[in-house]
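As written in TrEMBL, here are the features:
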BINDING   Cys88, His130, His134  Fe cation binding site
ACT_SITE  Glu131  active site
Amino acid sequence: MPVQPIRLFGDPILTAKAEPVVDFDAELRRLVADLADTMQAAPGHGLAAPQIGVGLRVFTYFVDGELGHLVNPELTLSAEDQFGPEGCLSIPGLTFDCRRAEHVIAKGFNMYGDPVVIEGSDLLSRCIQHETDHLDGVLFVDRLDTETRKAAMKAIREAEWSGLSGPPKVKVSPHPMNGFGL
């Protein structure tokens, strides 16, 4: 499937709430394939449909060698949290420490409409929360503490890609998360 351009910070679709998927058809399967191909080409640990301009509640993930997807996710978060580095393919080259739940149980559907449950901790938990936030129009910088958010917004304004409507035309610094963004 074709690799799609990734929408960048400032694109209105990234702050809009995505619509639930109602048709589990060939078009949805193409979307999941496009998301997976685009995520792996980036490379990234996750990619949500709004990041490629589609306002539907779908995301893909690639964590610990496992490629998966989830449609219409609903999350149950643990009370324990984790604090660590997070990046985003829509905010390329920038990583900031962000607080997330340590463990997540995600319920939703696969691309065929079958119910699925994904349970994970550490990076998988962080990834699922990050991608579900995208579906709710929330970016990881919105989850940062006040001082870190100020630093993040300054870095975004100064980024080489700031103000572009498509993917960066210049090479940006790699994410320190094993070369992957979320």
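Quick reminder: no glycine exception, Cβ is built from N, Cα and C everywhere.
Neighbour count (other Cβ atoms within 10 Å of the Cβ, all protein chains): 29 for the residue listed as 'active site'.
Residue environment of His130 (Fe cation binding site) contains 25 other Cβ atoms, counted within 10 Å of its Cβ in all protein chains.
When the binding-site residues Cys88, His134 are scored by other C-beta atoms within 10 Å, Cys88 scores highest.
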